[in-house]
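In case it's useful when we look at the structure, here is the feature table from Swiss-Prot:
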- 48, 54: NADP(+) binding site (BINDING)
- 125, 126, 127, 242, 243, 287, 302, 303, 304, 305, 306, 328: FMN binding site (BINDING)
């Protein structure tokens, strides 16, 4: 199976299945001499791990990261870093009924058509369980960014809409994000979303969400025209996350409704020999290259396909069947997509920063 790696200079390859003994990744391109321990990975992994509230899957996993290589006495050596996360709470019997049936909305059918074989236990390789190792790789990417830039680069995400109920942007407060089970920047939306998901769970159904990712402190100049544009790589990274069906950068699809004079971000002297922008419809990227403004991306996450409501499908013999997905599933998988989205943005930025350094030296201002 191809397509298991992401990145160019900063590159990671993931492996493992949802109900296998472990999942993991191998991260390449990390410069030597960067302080790194398993604890650096664990903070982000703990934000993503399941079973932390009634609004996520009740599968219990510690998601404890083990660094197997590439680090000596707490410092990176420049060699590949292997990270292992053991699976400890699999319940494969929950999937015995669908071993020969294709679940609507899942990758069951497409994996079967392509490979002629699939692992039905929890979705196997296509499960969102794989995203844990993306978060581990993203934590390493954050360390690379800080080391190369000589300063922190802030990457944060939040759920801005769930089940059609959107936040009030005037209430945006980053301090609220980690203070509630929804990663909501609007504390006033916690109660409505609780009521929404409680009802969805009772119905045996699910809802989708919109996640917004913001990267602040990105230096200008990251990105490679024409086919390795920064925004194109960000879109690919975010679209590769399970259940994501759409990505927009900056104003995104709203830009199609604007006139030219409203959409193009005007520039003025910043008094320091550079420029400042009067708006940020571009989302921090022009011509595929970062402008130095805040990078803003949004991703649409579809409703979890594993639901208790019977749906029509076919089995591996082409016969009509009804499918009900048992097991422990997220009523809104968009919640736990927040740290995953942050991680993928970190990976892209680390990759492009190393590529910039290799071609041009350090970015302007560093």
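Think of each number as a place in line: the chain as shown, counted from 1.
Yeah, the Cβs are placed from backbone N, Cα and C, and that goes for glycine too.
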Work out how many Å separate residue 243 (FMN binding site) and residue 48 (NADP(+) binding site) at their Cα atoms, rounded off.
15
Which one is it: of the binding-site residues 127, 304, 306, which Cβ has the fewest other Cβ atoms within 10 Å in this structure?
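Each of the binding-site residues 127, 304, 306 was scored; lowest Cβ tally within 10 Å is 127.
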What's the most sparsely packed of the binding-site residues 48, 125, 302, counting other C-beta atoms within 10 A?
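Checked 48, 125, 302; of these binding-site residues, fewest Cβ neighbours within 10 Å: 302.
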Measuring Cα to Cα, how many angstrom lie between residue 306 (FMN binding site) and residue 48 (NADP(+) binding site)?
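Roughly 19 Å, rounded to the nearest whole number.
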Could you round the CA separation between residue 48 (NADP(+) binding site) and residue 127 (FMN binding site) to a whole angstrom and send it over?
14
